[in-house]
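A.B. asks: When I checked Swiss-Prot for this same protein, it listed these features:
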| type | residues | note |
| --- | --- | --- |
| SIGNAL | 1-27 | signal peptide |
| BINDING | Cys64, Cys67, His68, His119 | heme c binding site |
Amino acid sequence: MNRISIYRIKVLAFLFAVSTYVYPASSLELNEEARTVKLNSEGQSLTLNEEQIKKGKRLFNSHCGSCHVGGITKTNPNVGLDLESLNGANPPRNNINALVEYMKDPKTYDGSESIAEIHPSIKSADIFPKMRDLSDDDLKVIAGHILVQPKINSEKWGGGKIYY
């Protein structure tokens with residue numbers, strides 16, 4: 001290697017080290033608008049704090065991520081966790097309370113029957129042990145994570161095989 005190549009490598013290594021120190025990926029700070037989501041169907045909203053955002057992401061990844069990575073639904077690619085799909089459900093699942101209710105007792109997309117025996121939920125915690133240790137607050141922050149993601153990842157969240 002000549003001197004110029006070694007110099008370039010050193011400069012690139014330095015820039016990389018500085019960029020990871022100055023702009024760490026884990027320190028994404030969301031503004032209040034991005035952290036504000038619908039609380040209920042009456043139009044009330046809730047602003048999640050940074051700790052709730054982090055906890056929601058962690059719980060989503062550990063309890064829901066194996067089937068819903070990136071907001072998709074592996075068992076039914078036609079219905080994801082994107083806002084369009086959540087709005088289209090009956091009743092709509094586009095707010096914290098509706099998603100918490102769904103995680104407690106999931107219903108089909110048209111709302112006609114319970115699917116608790118085939119979808120992890122609090123109601124079916126005996127079949128799906130991952131759900132046993134989740135409190136109402138845990139469900140709330142998971143729902144918050146689901147609703148914040150479209151604001152962060154826009155079309156990628158729930159975008160399916162195109163992105164993941």
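From the backbone N, Cα and C atoms, a Cβ is placed for every residue, glycine too.
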A.B. asks: For a quick check of understanding: given the listed heme c-binding residues Cys64, Cys67, His68, His119, what is the maximum Cα-Cα distance in angstrom, as an integer?
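C.D. replies: The span, Cα to Cα at its widest, is 12 Å.
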A.B. asks: I'd like the number of other C-beta atoms within 10 A of the C-beta of His68 (heme c binding site), please.
C.D. replies: 18
A.B. asks: Please list residues from the chain of Cys64 (heme c binding site) whose Cβ is under 8 angstroms from its Cβ, counting only those at least six apart in sequence.
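C.D. replies: For Cys64 (heme c binding site), the qualifying residues are Pro120, Ile142.
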A.B. asks: Could you name the residues, excluding Cys64, Cys67, His68, His119, of the same chain that surround the heme c site, i.e. Cβ within 8 Å of the Cβ centre of those residues, in sequence order?
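C.D. replies: Same chain, not in Cys64, Cys67, His68, His119, Cβ within 8 Å: Gly65, Ser66, Thr73, Lys74, Pro120.
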